[in-house]
Every structure is written in C-alpha cells, then in structure tokens.
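**Student:** Copying in the features that Swiss-Prot gives for the protein in this structure:
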| type | residues | note |
| --- | --- | --- |
| TRANSMEM | 9-29 | transmembrane segment |
| TRANSMEM | 42-62 | transmembrane segment |
| TRANSMEM | 82-102 | transmembrane segment |
| TRANSMEM | 104-126 | transmembrane segment |
| TRANSMEM | 164-184 | transmembrane segment |
| TRANSMEM | 193-213 | transmembrane segment |
| TRANSMEM | 217-237 | transmembrane segment |
| TRANSMEM | 263-283 | transmembrane segment |
| TRANSMEM | 324-344 | transmembrane segment |
| TRANSMEM | 347-367 | transmembrane segment |
| TRANSMEM | 387-407 | transmembrane segment |
| TRANSMEM | 411-431 | transmembrane segment |
Amino acid sequence: MSSRKEWALIVSLLLGAILVPINSTMIAVALSSISHTYNESIASITWVVTVYLIVMAVTQPIAGKLGDMYGNKTMYLWGVGLFLIASLGCALSPSLLLLIVFRALQAVGGALLTPNSIAIIRHVVSEKRLPKVFGFFGLGAGLGAALGPFIGSILIDSFSWHSIFWVNIPFLAIALFTALTMFPQYKENKSDAPLDIIGSLLLAGSIVSIILLTKNEAPWGYTVYSVLILLFVPLFFRREKRTQHPIIDFALFKSSTFTNANLSVLLSNLMMYAVLLIMPLFMTNQFGLNTSNSGMALSVFSIFMSASNWVGAQLHHKWGAKKIIFLSFAMMAGANLLFLLLSSSHSVLFLMLSLILGGLASGVGLTSMQVSSLATVDPGMSGVASGIFSTFRYFGSIISSALIGLISGYHTLFMILFAVSIIGVFVSLGIKSDETARIEKNSA
C-alpha cells in the first residue's frame with residue numbers, strides 16, 4: 001500500500017475514533033445547560049452520560065465480534081454512519097428522553113468504529129509500523145479526551161449546548177467520504193461463526209449490573225445489583241465455555257502476554273481516571289485553586305500523557321513491550337508517592353512535577369499494551385481482541401470511579417493507587433517480547 005493511501009486510511013480512521021473520547025468528556029460541561037433547556041433535575045440529566053458509558057461497555061466486545069464476522073471495514077462504516085445520524089438526533093432532540101436515546105445510539109456507533117478501526121490497522125499496516133501508527137492514534141485520542149471539556153465550554157459559551165453535537169457532523173462526513181472512496185482494498189478473513197445472541201445478552205446483563213452497582217445511590221440497589229451480578233456472570237461464563245461460537249473466546253487468555261496486556265491497560269486506566277477525577281477536587285481543597293486554574297493544571301497531566309504515548313510508540317521496537325510497560329508502572333508508583341507527599345505539602349511546583357510524572361507514566365506504555373494484546377492473536381480475531389482490550393480499558397475507569405466513591409480521604413486513595421501501580425509492575429513481567437509472543441501464538 002502506498003504511503004499516500006496509508007495516511008488517507010489513518011486520517012480517516014482517526015477522525016472517526018477521536019470523536020468518541022471527545023464526546024465522552026465534552027458532555028460534562030453541558031449538563032447544566034441541558035438541565036435548564038429541558039427543565040429537568042441534574043440527577044435525570046446525568047443519564048445522558050451514564051447511558052453512553054453503559055452502551056459503550058456492553059457493545060464493544062460484541063462490535064469486535066461483528067467485525068470479524070461481517071468485515072471490519074463494513075462495521076467501521078456502519079459505526080461512523082450511526083454516530084453521524086445519532087449526533088444529528090442529539091442536536092435536534094425536543095425532549096430529554098429522545099436525547100438519551102440518541103446518546104445510546106451514538107455510543108453504539110462509537111463502539112462499532114473503535115475496535116474495528118484498530119482491526120483495520122492491524123490488517124493493512126505493516127507489523128514494523130504498527131507501534132508508530134498506534135502511537136499516533138493514542139496521541140490523538142488522548143488529546144481528544146483532554147481537550148473535550150475545553151472545546152465543549154468554548155462551543156457552549158459561543159453558541160449553545162446543541163453545538164457540541166453539531167460539530168461532530170462535518171468531521172464524520174469527511175471520515176465517511178474518505179472511507180468510502182480512498183480506503184485500500186484488502187482481503188478480510190471473515191468468520192462464518194454465528195453471533196452468540198444468548199452470550200451477548202448475558203454479557204450485557206453482567207456489565208450493566210456491574211456499572212449500576214458502582215453508580216448506585218439507592219439503599220436497595222446494592223442487594224439487587226449484587227444478586228443480578230451473581231446471576232448473570234456465572235451464567236455468562238458457563239455459556240461461553242459450552243457454546244461452539246462464544247462472543248468472547250476465553251482461549252485467547254491462555255496466552256500470558258494477551259492476558260497481562262489487557263490487565264495492564266485496566267490498571268493503567270484505573271490510575272489515569274483516578275487522577276483525572278480526583279485531582280480537581282484535591283487541588284481545590286488542598287491548594288485553593290479555582291475551577292479554571294485546576295483545569296489548566298490538570299491539562300499538564302493530559303498533555304504529557306499524550307506526548308509520552310507518542311514517545312513510547314517510537315521506543316517500542318528498540319526497547320520492547322515488557323521494558324516500556326514496566327517503566328510505565330514504575331513511574332506510576334513514583335507519581336503516586338509524590339501524590340502522597342502532596343497531602344502534607346502546598347507547593348505548586350511540587351504539584352506540577354507530580355502531574356508531569358503521572359502524565360508521562362500514564363501514556364508511555366499504552367501503545368505497547370495495545371500491540372502486545374494483538375501480537376498473540378490471528379488477524380482474523382483482531383476485532384474480538386480489540387473489543388476485549390477496549391472493554392478492559394473501560395473497566396479500569398469504572399473501577400476507578402467506584403473507588404473514588406467508596407474511599408474517603410486523599411491519603412488512603414493515593415496509598416491504594418500506589419499499591420495498584422506495584423501490582424502493575426509485576427503484571428508487566430508476564431508480557432513477552434513481540435517475537436516470543438508470536439511463537440506463543442503459533443503454539444497455542
């Protein structure tokens with residue numbers, strides 16, 4: 001494939017994929033305006049956020065499987081098209097109920113395009129160039145998530161909250177046009193296996209129950225959701241072990257590299273989201289910073305995270321996945337020690353150094369985690385593997401938000417995050433080099 005076509009492919013995929021994290025974080029600054037428009041309580045409005053997160057978590061592993069069945073390019077196109085239509089629906093919604101429905105459809109579109117864009121890259125980009133391309137994606141996605149609230153606030157101040165959905169449409173239209181006209185032709189090994197409907201429903205029930213448990217505020221909720229988890233999760237595992245065509249092939253986890261790469265991204269995302277969620281409150285309470293200044297300080301974390309993602313991608317072939325992921329968690333341990341010291345310090349310089357180290361740690365290993373998760377998987381299973389990786393990544397953020405809700409006191413939280421980073425150091429030791437991982441794949 002020529003360099004021109006390859007870059008057309010990458011830009012098209014990135015245009016679609018970058019809008020998913022932007023729309024995930026941009027909505028946060030719009031909740032008050034949406035509440036005023038529909039004259040609804042903030043508790044009701046938060047379902048605009050919650051439904052997006054739930055549907056994304058439920059749909060991603062299924063979307064990866066659909067890509068392997070019907071073609072990753074086909075599912076990517078459906079994802080971009082659905083995201084475009086849903087964005088239009090969100091912008092024009094006359095009621096909160098319809099806005100929530102279109103946000104759910106937006107999440108389905110995002111879930112379809114995210115794992116399938118990764119699978120397409122696996123098919124058409126040479127193995128040697130994969131880390132650099134994934135690094136480019138990580139840089140874009142990281143900046144998208146970091147800049148989402150900033151972009152959203154500018155749009156809302158200049159126009160209205162509807163504009164955060166209108167802005168998606170031209171970019172999605174370009175991505176769709178580019179994908180239809182400039183995508184290179186390549187052979188996809190489509191799976192003839194049928195979709196496991198029962199397994200999909202049990203997986204959905206399991207994930208929804210877990211998410212609702214972490215977000216529960218009702219006194220009866222803990223009992224009800226715990227019972228549902230104890231019902232759905234064992235039934236899902238039993239179904240997947242017995243069916244001939246599982247929605248998640250647990251044989252993939254026989255590879256220690258695949259397992260540890262997915263555990264690594266879960267632990268990494270857990271700590272990253274903990275910083276993003278807790279540090280604004282910490283900086284306000286501990287340092288007396290206002291919302292604007294704490295947001296600017298936190299942007300330092302996001303910028304260094306995105307930059308180190310790119311650096312980690314460049315170093316992947318030179319150092320290998322294990323060393324880079326080990327370095328990532330070791331730096332996270334150092335950052336969490338600094339956060340612990342901040343509990344008794346009021347030095348802004350010390351705060352900035354902590355955020356810089358935390359950002360570097362959160363970004364440098366992401367590309368190696370992604371590449372390692374695919375290294376032991378046949379190309380025909382790339383969609384499923386990418387869906388699993390995305391789901392593990394998402395569950396890290398779910399666990400993080402649950403921890404913050406359950407734990408009182410910054411010192412205790414930073415101690416737990418330090419312990420998580422040490423666990424990550426040991427998990428990284430189970431990741432093999434790319435060459436060893438390929439041998440592991442062939443012998444599986």
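Just so it is clear, glycine is given a Cβ too, placed from its N, Cα and C backbone atoms.
Burial and contacts for the listed features, if you can.
**Tutor:** Long-range contacts of the transmembrane segment (82-102) within its own chain (CB-CB distance under 8 A, at least 6 residues past either end) are made by residues 16, 19-20, 23, 34, 38, 40, 44-45, 47-48, 51, 108-110, 112-113, 162-163, 165-166, 168-169, 172-173, 176.
A Cβ distance under 8 Å defines the sequence-distant neighbours of the transmembrane segment (164-184), meaning residues of its chain 6+ beyond its ends; these are 1, 5-6, 8-9, 11-13, 15-16, 19, 23, 26-27, 30, 73, 76-77, 80-81, 83-84, 87-88, 90-91, 124, 151-152, 155-156.
Distant neighbours of the transmembrane segment (263-283): 289, 291, 293-295, 297-298, 301-302, 305, 325, 328-329, 332, 336, 342, 351, 355, 358, 362, 365-366, 369-370, 372-373, 389, 392-397, 399-401, 403-404, 410, 413, 417, 420-421, 423-424, 427-428, 431; these residues of the same chain sit at least 6 beyond its ends, with a Cβ under 8 Å from one of its Cβ atoms.
Counting only same-chain residues 6+ beyond the ends of the transmembrane segment (324-344), those with a CB under 8 A from a CB of the stretch are 264, 267-268, 271, 282, 286, 312, 315-316, 350-351, 353-354, 357-358, 360-362, 364-365, 368-369, 372, 410-411, 414-415, 417-418, 421-422, 424-425, 427-429, 431.
The list of residues near the transmembrane segment (347-367) in space but at least 6 beyond its ends in sequence, with Cβ under 8 angstroms from a Cβ of it, reads 131, 134-135, 138, 142, 264-265, 268, 271-272, 275, 279, 283, 287, 297-298, 300-309, 311-313, 316, 324-325, 327-329, 331-332, 334-336, 338-339, 341, 428.
Taking Cβ pairs closer than 8 Å, the transmembrane segment (411-431) reaches residues 256-257, 259-261, 263-264, 267-268, 270-271, 274, 278, 321-322, 325-326, 328-330, 332-333, 335-337, 339-340, 343, 365, 368, 372, 403-404 in its own chain, all 6 or more past its ends.
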**Student:** What residues elsewhere in the chain lie close to the transmembrane segment (387-407), defined as a C-beta under 8 angstroms and at least 6 residues from its ends?
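**Tutor:** For the transmembrane segment (387-407), the far contacts come to 53, 56-57, 60-65, 67, 111, 114-115, 118, 210-211, 214-215, 248, 252, 261-263, 265-274, 277-278, 369-370, 373, 413, 416.
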**Student:** Under an 8 Å Cβ to Cβ limit, what residues of the same chain, 6 or more beyond the ends of the transmembrane segment (42-62), are close to it?
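**Tutor:** Contacts with the transmembrane segment (42-62): 20, 23-24, 27-28, 31-32, 34-35, 96, 99-100, 103-104, 106-108, 110-112, 114-115, 195, 200, 203-204, 207-208, 211, 215, 247-248, 384, 387-388, 390-391, 394-395, 398.
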